[in-house]
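Here TrEMBL flags 11-113 as domain 'EfeO-type cupredoxin-like'. Residues or ranges marked as Cu cation binding site in TrEMBL: His68, Cys101, His104.
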Amino acid sequence: MSVRTGVTTLIAVAAVFTLTSCGGESQGSTEQAPVEISVKNLAYSPNSVTVHTGQTVTWIFEDQGMPHDVVFAELGIKSDLQGSGTYSQTFDKAGTFTYTCTPHPNMTGTIIVEE
Ligand SMILES: [Cu+2]
(Lines of atoms letter the chains of each structure in order from A and count residues from 1; the text may use other names and numbers.)
(Lines give C-alpha, C1' and ligand atoms only; values in the text may rest on other atoms or scores of the structure.)
Protein backbone atom coordinates (compact mmCIF):
# COMPACT_ATOMS: atom_id res chain seq x y z
CA MET A 1 0.00 0.00 0.00
CA SER A 2 1.41 3.41 -0.92
CA VAL A 3 1.55 6.19 1.66
CA ARG A 4 -0.98 8.19 -0.35
CA THR A 5 -3.47 5.34 -0.42
CA GLY A 6 -3.01 4.84 3.32
CA VAL A 7 -3.71 8.48 4.08
CA THR A 8 -6.77 8.50 1.83
CA THR A 9 -8.09 5.41 3.59
CA LEU A 10 -7.54 7.00 7.00
CA ILE A 11 -9.42 10.14 5.95
CA ALA A 12 -12.28 8.05 4.61
CA VAL A 13 -12.50 6.04 7.83
CA ALA A 14 -12.37 9.22 9.93
CA ALA A 15 -15.14 10.76 7.84
CA VAL A 16 -17.38 7.74 8.33
CA PHE A 17 -16.79 7.81 12.08
CA THR A 18 -17.57 11.51 12.22
CA LEU A 19 -20.82 11.09 10.32
CA THR A 20 -21.83 8.10 12.40
CA SER A 21 -21.05 9.66 15.75
CA CYS A 22 -22.93 12.93 15.19
CA GLY A 23 -25.89 11.58 13.26
CA GLY A 24 -27.82 10.11 16.17
CA GLU A 25 -31.03 11.61 17.47
CA SER A 26 -31.39 11.91 21.21
CA GLN A 27 -34.12 9.28 21.23
CA GLY A 28 -31.63 6.50 21.86
CA SER A 29 -33.50 4.17 19.54
CA THR A 30 -31.46 1.95 17.27
CA GLU A 31 -34.48 1.75 14.96
CA GLN A 32 -33.93 5.38 14.03
CA ALA A 33 -30.21 4.95 13.38
CA PRO A 34 -28.95 7.03 10.48
CA VAL A 35 -29.27 5.38 7.11
CA GLU A 36 -26.35 6.13 4.83
CA ILE A 37 -25.86 5.28 1.19
CA SER A 38 -22.44 5.57 -0.43
CA VAL A 39 -22.36 7.04 -3.94
CA LYS A 40 -19.18 5.62 -5.40
CA ASN A 41 -17.93 3.75 -8.46
CA LEU A 42 -21.01 4.75 -10.45
CA ALA A 43 -23.30 3.01 -7.98
CA TYR A 44 -25.45 3.56 -4.90
CA SER A 45 -24.41 1.23 -2.10
CA PRO A 46 -26.37 -0.39 -0.59
CA ASN A 47 -28.57 -0.39 -3.64
CA SER A 48 -31.79 -0.97 -1.74
CA VAL A 49 -32.58 0.14 1.79
CA THR A 50 -35.66 -0.19 3.98
CA VAL A 51 -36.60 2.61 6.38
CA HIS A 52 -39.62 3.64 8.44
CA THR A 53 -41.75 6.71 7.79
CA GLY A 54 -40.11 9.81 9.19
CA GLN A 55 -36.64 8.38 8.83
CA THR A 56 -33.89 10.26 7.02
CA VAL A 57 -31.58 8.78 4.40
CA THR A 58 -28.23 10.41 3.71
CA TRP A 59 -26.31 9.88 0.49
CA ILE A 60 -22.55 10.33 0.78
CA PHE A 61 -20.94 11.42 -2.48
CA GLU A 62 -17.47 9.95 -2.63
CA ASP A 63 -16.83 9.07 -6.27
CA GLN A 64 -13.50 10.94 -6.47
CA GLY A 65 -15.20 14.17 -7.48
CA MET A 66 -17.39 12.68 -10.20
CA PRO A 67 -20.75 14.44 -9.88
CA HIS A 68 -23.90 12.41 -9.30
CA ASP A 69 -27.36 13.29 -8.11
CA VAL A 70 -30.38 11.57 -6.55
CA VAL A 71 -33.64 11.94 -8.46
CA PHE A 72 -37.00 10.55 -7.36
CA ALA A 73 -39.05 11.49 -10.41
CA GLU A 74 -42.21 10.05 -8.81
CA LEU A 75 -41.79 12.22 -5.71
CA GLY A 76 -40.53 15.36 -7.44
CA ILE A 77 -37.30 15.15 -5.45
CA LYS A 78 -33.97 16.07 -6.98
CA SER A 79 -30.66 16.70 -5.25
CA ASP A 80 -27.90 18.90 -6.62
CA LEU A 81 -25.27 17.33 -8.83
CA GLN A 82 -22.57 16.63 -6.26
CA GLY A 83 -19.02 15.35 -6.51
CA SER A 84 -18.60 15.42 -2.74
CA GLY A 85 -20.52 16.14 0.43
CA THR A 86 -23.84 14.66 1.43
CA TYR A 87 -27.54 14.90 0.61
CA SER A 88 -30.30 14.01 3.05
CA GLN A 89 -33.95 13.26 2.45
CA THR A 90 -36.65 12.37 4.95
CA PHE A 91 -39.38 9.97 3.85
CA ASP A 92 -42.83 10.63 5.31
CA LYS A 93 -44.88 8.49 2.94
CA ALA A 94 -44.85 4.68 2.89
CA GLY A 95 -44.11 2.97 -0.38
CA THR A 96 -41.38 1.70 -2.65
CA PHE A 97 -39.52 4.47 -4.41
CA THR A 98 -36.87 4.13 -7.07
CA TYR A 99 -34.34 6.81 -7.86
CA THR A 100 -31.71 7.42 -10.45
CA CYS A 101 -28.79 9.66 -11.38
CA THR A 102 -29.32 12.22 -14.15
CA PRO A 103 -25.91 11.86 -15.91
CA HIS A 104 -25.88 8.09 -15.45
CA PRO A 105 -29.35 6.67 -16.05
CA ASN A 106 -28.21 3.13 -15.32
CA MET A 107 -27.36 4.17 -11.73
CA THR A 108 -30.52 3.28 -9.85
CA GLY A 109 -31.51 2.56 -6.28
CA THR A 110 -34.58 1.78 -4.22
CA ILE A 111 -35.87 3.12 -0.91
CA ILE A 112 -38.58 1.03 0.72
CA VAL A 113 -40.50 3.07 3.30
CA GLU A 114 -42.54 1.10 5.80
CA GLU A 115 -45.10 2.45 8.25
CU1 LIG B 1 -24.15 9.41 -11.57
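Each Cβ is built from the backbone N, Cα and C atoms, and glycine gets one as well.
TrEMBL entries are annotated by machine, without manual review.
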Average pLDDT across the domain 'EfeO-type cupredoxin-like' (11-113)? 86
If you count, for each of the binding-site residues His68, Cys101, His104, the other Cβ atoms lying within 10 Å of its Cβ, which residue has the minimum? His104
Given the recorded Cu cation site (His68, Cys101, His104), which additional residues of the same chain have their Cβ within 8 Å of the Cβ centre, ordered by sequence? Val39, Leu42, Pro67, Asp69, Thr100, Thr102, Pro103, Met107
